[in-house]
Amino acid sequence: MSKPIQMERGVKYRDADKMALIPIKNMPTEQKEVLRKPEWMKIKLPADSQRIQDIKAAMRKNNLHSVCEEASCPNLAECFNHGTATFMILGAICTRRCPFCDVAHGRPNAPEAEEPKKLAQTIHDMKLKYVVITSVDRDDLRDGGAQHFADCNREIRALNPHIKIETLVPDFRGRMEVALEALKDNPPDVFNHNLETAPRLYRKVRPGANYKWSLELLRQFKEQHPHVPTKSGLMMGLGETKEEIVEVLKDLRAHGVTMLTLGQYLAPSRHHLPVERYVPPAEFDELKEIALELGFTHAACGPFVRSSYHADLQAKGLEVK
């Protein structure tokens, strides 16, 4: 039996190093096996990158992270150029090692006590009116990092009284009650937790997560905060069927979720799960119609849609693709 890999605290493990730590092995995709991107997946980069550099500089100044950068989001240039960003708290090292995600895995450092104040000041300096806060998974913390979310919500509102806050939270596995108690007095304006894929694919796509647990987290939060909208998102192109996606949508509605995002999965590298299929825009349109028929009040469905992509517009019910 081989010895387990000893991870150093604070070291980021990515790509092949990260995948080597996953119990279910994912063989690197050969270049000839990679699906060619269709025309609708081509991104036009903005001509002016100054706004992008300004936002990156603001992040570096206060030692903050954006999921846009850490997860290699394809919409980074567009969102940064429009002056929006999704902040990632609790460091940039995740205790999980999902094979679809480009965020680094490892043993994270202790949470930075001053991060909530730094985050609030950065948001104030950027003059944001709507902000999305997410985090890595922190299975090493008693509350999964929930109190840190609550502290960030409190500090952001203290300095930015008119802002709207959306939190994209992890599943708080094994500590849901403690986490929800921590969020009780400082909830967000929108509570987002992604199911990511159909339950059949969880062992491959979300090792360490549980489909029913995630649904229960969404249900319990909504029960405690009936006036706060709950939201969830799914990736397409990982081998799921349309019928499976529709069943997930029904499960979400049965658990009180009213906001939805559906987007195309893109493999960050050949070491990650490969794209099984590029879903055409017409199919996203069809799923949006189904979602609205099921009772979702907001449904952003399209190849480039991500949880926080134009989240301010999503919250207003405007069409996002």
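Keep in mind that glycine also has a Cβ here, set from the backbone N, Cα and C atoms.
What Swiss-Prot records for this protein:
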type	residues	note
BINDING	CYS68, CYS73, CYS79, SER308	[4Fe-4S] cluster 1 binding site
BINDING	CYS94, CYS98, CYS101	[4Fe-4S] cluster 2 binding site
DOMAIN	80-297	domain 'Radical SAM core'
Residues satisfying Cβ distance under 8 Å from CYS98 ([4Fe-4S] cluster 2 binding site), sequence separation of at least 6: VAL205, ARG206, PRO207, GLY208, ALA209
Integer Cα-Cα distance in angstrom, CYS101 ([4Fe-4S] cluster 2 binding site) to SER308 ([4Fe-4S] cluster 1 binding site): 15
For SER308 ([4Fe-4S] cluster 1 binding site): DSSP state (helix, strand, coil): coil
Listed binding-site residues (CYS94, CYS101), ranked by Cβ neighbours within 10 Å, top entry: CYS94
Length of the line joining the Cα atoms of CYS94 ([4Fe-4S] cluster 2 binding site) and SER308 ([4Fe-4S] cluster 1 binding site), in Å: 19
Chain-mates of CYS94, CYS98, CYS101 with C-beta within 8 Å of site centroid, [4Fe-4S] cluster 2: ARG96, ARG97, PHE100, ASP102, VAL103, HIS105, VAL136, ASP137
Rounded mean pLDDT for the residues that make up the domain 'Radical SAM core' (80-297): 94
Around the Cβ of SER308 ([4Fe-4S] cluster 1 binding site), the count of other Cβ atoms that are within 10 Å: 28
